[in-house]
Structures are given as structure tokens and as C-alpha cells.
Amino acid sequence: MSAGRRGLMLSIAFLVLATGLCPARRASAQPPGRFQQGGFPPHAADPQQTGKHTIWQQNLDPGQIRSFLEKFGQNDGKGDWLEDLLRRSVKEKNPELNQEQADAAIKKLLNNKEFMDRMTDLAQKHKNQQPNNGNNGAPPRLTQEDLAKLSKLLPEAPNGDPFRVPEPLPPFHPLHPQFDPQKFPKIDRENPPRFDPKTKFPLDPDTGRPFDPQTGKPIDPDHPPPIDPPTPPKFAPAPEPKTGRPMDPVPPNAQNGPHRFDKDNPLGAPPEPPEKVAKTKAAEAATALWEKNVGPIDETPAVKRAILDLVSDTDAMDALTDEKGNNFLDSLKGDGKDDNPFGNLFGGDSGWEWPKFDFNWSRGRDLDLDIGSGRSPNRDTPTLDAPRGRGGSFSGGLEFGSVRVPWLLVLVLVALIVAALVWWKWDALVPPTRAAVVANGPGEWPIDPRQINTREDVVKAFEFLSVLICGPEAKTWTHSTIADELTALAATRGETALKLARLYELARYAPLDEPLTRVELIEARRLVCDLAGMDEV
């Protein structure tokens, strides 16, 4: 038989075999048709028509959409696999932990960057191996090989188990962070004894029995004596950056203590620094004096700015303050009769008032100070006489009742006052060519704190203040270390740390090109000015 005939015979045989093995019912695709209301054809309930269905439906009501979304999101993908792995592993290794302790242990693991990088790789590997983990499927489990890799990253873990939470060390253990050798003189830090795994007390090397680390006497293992917890370390008050004087430390948990009601401070706001209180009182006194005798302070912004600059000038305030701490500006708010601000300043005469300068020009030649003139004009209404004399010369004076002051002396006094004001305000009149330099600080301010307008300005101010408050080591701060640094700062300077942390939040939690809102801008300026020790204008 030739090759062609053999091929033909084999083809016929395969055709017969395939026809005989085919099922009686033929498989068919979905027949074409229009959409069915509700998504099911009329014969969907017929068991003879199983396999024929429609995958589309014309519309869905809100209830169907909600149920489909809930079904789709229910445990689909198992949420955060990494957190599930950590939480389940910690719970399995430490069944005695409560929820708070488990969260603290997981947080400690999350702060370990190398450990979390390895855990992320392992979680992704398991997720790739189990892509269809929905429908309440079991979460992945770490193998012994995975645990061995993680244990190398945490050599201090108990028994080499990275998820085993170590038992807290007793206060007399030399590895305790607050171990006090003076409180436990029987414990040699250089040559520590072994410790009883049951009572946690040190063991006597001669007898093998636990003993008291304070007295060295043997103890009853069934009834060990109580040991007081170590006292938190005390730090010396940090100096205030501007004045160099020590600052009162703010207890970290002061807000958790019992609150005493103060009628003058019902909201319990933290007290203002004494320097700021003194500045506020002086500004209020000067403002009240001006508004009582001249007019509203808001109508003269230059005077308002001058008052703020005056109270912000430390040297000027020191010159106006006596050795008892009494400020000259505060004395302007004396409690004389009729609430006269000069009631106590001028011999207690509460009838004294600001002169009403009703200028009256008249002729005369007297250039001398005339005390005791026969004329008796209104005591409270001074007049200014400046008549023209012979030969083109003129003379006159300013009269306060019976007292005449020559106009030349008045001009000299006015010139001296103007010269003093110009000398005092020279820095404000002539802008400096460079930014202010903070004494003993990191150099020039990168930007005026009162001129902050962008998020980039806030970042520059935060970086400058970090070095100014915490020292040059703040230049090496990173996103992963700044939280620890601010926490350490809060132990001694709680209010400063909170302000610096809020400023960091405004500076870093958004792109630099994203504009600040008006509220954030005002808050950033206030925080920077408070931390820099200057008044916000």
C-alpha cells in the first residue's frame, strides 16, 4: 500500500472515531439577541436551557449597584497584606498581648526601615504567588526561610524570633535605659549577675538564689519585694535663644494632669511669657494714651507702627523700666480721678489735661521767659505770640496760662525731639542692605519672618529655626529622624517643640509649588515670629 493510501485510511479512521465519541448535545454560543430586562432571559429558570444566558443588562437600579460594589470590595485583594502579615505574626507569637501592646510592637517594626523593606518584598512575593486571594481566602503565611531572613535584621529579638516581643527589663537590670547604679549598688554593670527567669531578680553566684539588688539579702522567690520604677531623668532648663536666660521646662504630660479652674483663664490657655506680657501692656498703655488725647490709633498707622517698634526694642524697653520692673508706659495708665492717665504722674492732680493748642499770634518784643505776667488767660489754653518787631525782626512766645515760653526755645525743643526720633528710627527709615543676623546663630535670616508668602519661604524659615533652636546638628535631620528629634525637644521645651512640629507640617506635607491658604499663611507667620522672638506686625 502506498503512502498516499495509508494517509487516506488513517484520516477516515480518525473521522469515524471523533464522530463516535462526540456527545449527543452540541455546545452552542450565546445566540444573538436584544438586551433582556434584569439581565436574565425569560427561560433562565428552565433547567433545559442551562448555559444560555445574557451577560449584559440594559440598566441597573441603585440597590443593584450598591450590592455589586459591596460584593466587589468585600475582602478583595485582602486589603493591606503587609499589615495583615505583621499583625497576625505578632499575635501568634505573643498571645498574651492586648490590642494596645500589639499596636505598639507593630509600630516599632514599622519604624525599622531595613526590616520593612524586607517585609514588603516578602509580602509582594506571597501576593504574586496567590493572586486570587479574594472571597475570604486565607492571608499568606511566612515560611521558616522568611523568618530566618528577617531574624538577621533583628539580632536582638528574643530567641531569634523577629515577631516575639521581648519582655520588659526590670529597673535593676544593667541594660535598662534608666538603670541607676546608686539605687541598686549590688548590681555590677561591668560584671552583671545572671537573672532568675521566673522572678527576674539577680541570682547569687555562690548560692544560686535570687537576692535583693538594693540590699544584697536573699529574697523569697514566691513573694519578691516590690521595686519602685525608675524616675524619669531630669534635664537642665534649656536657654532661651534670644535672651540666653533659662526657660521653664514644660512637663510632657502636663495636659493630662488635673485642671485647676482659673476665672481669669477659663479656657486653660498656656500663660504667655513675661516678656510678651510686658510688651502687650506697654503697647496698650501707649495706644490708650494716644486714643484718649488725639484720636483712633487706626487712623494713624505710622504712630501704631512706631509704638510696636518701641515695645519690640529690648534696649528701649529696658531704658523705660526701673529696677523694680515698673515701666514708664504703664504709669500712663494711672488710676487717677476721671480715669486720667496722667493723674499719678503729675503730683496726683487729676485735673491736669493735655493742652489744647489754640495758637494766637500777637505783637511783642519780649524774648524772655515771663513767669508772673499780669495777664491771666485761660490756664488750660496756651497761646503762641510771635509779633513782628522793628527792623524786620520778630519775637513771641507760647503761653501756658501765666507761663510764657519763647518761641525760639520751642523750636529748639521740637528740633531735638525730631532729631531723637530720626536717630532712633534710622534703621526703619533707611532699609538695611542685608538681612538681620541672629546673635550666636547660624547666620543671616534667609527671609524676613513677617514677609512669608509661599510654602518655600516656610521651608526656609523652618530649616533656619531648627538650627537656631536645636543647634548645628539639625542640618542633618531627615524625614525619618525629625520626629524623634522633636520628641526629644518636647521633653524640655514642649511649647517650642509643638510650634516647630506644626511649622514642619505646614512646610513639608505638600509640594513646594502648592500655594498656602490664607489661614495657613497667617499661622506660618505667627509661628515663625513666636519662635524667632519678634512681634508680628
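Cβ atoms are placed via backbone N, Cα and C, with glycine included.
TrEMBL entries are annotated by machine, without manual review.
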Annotated range (TrEMBL: region 'Disordered') out of 28-52, 128-152: 28-52
Same-chain residue ranges lying at least 6 outside the compositional bias 'Basic and acidic residues' (183-209) that approach it to Cβ under 8 Å: 170-174, 215-216, 218-219, 221, 224, 230
Number of helical, extended and coil residues in the compositional bias 'Basic and acidic residues' (183-209), per DSSP: 0 helix, 3 strand, 24 coil
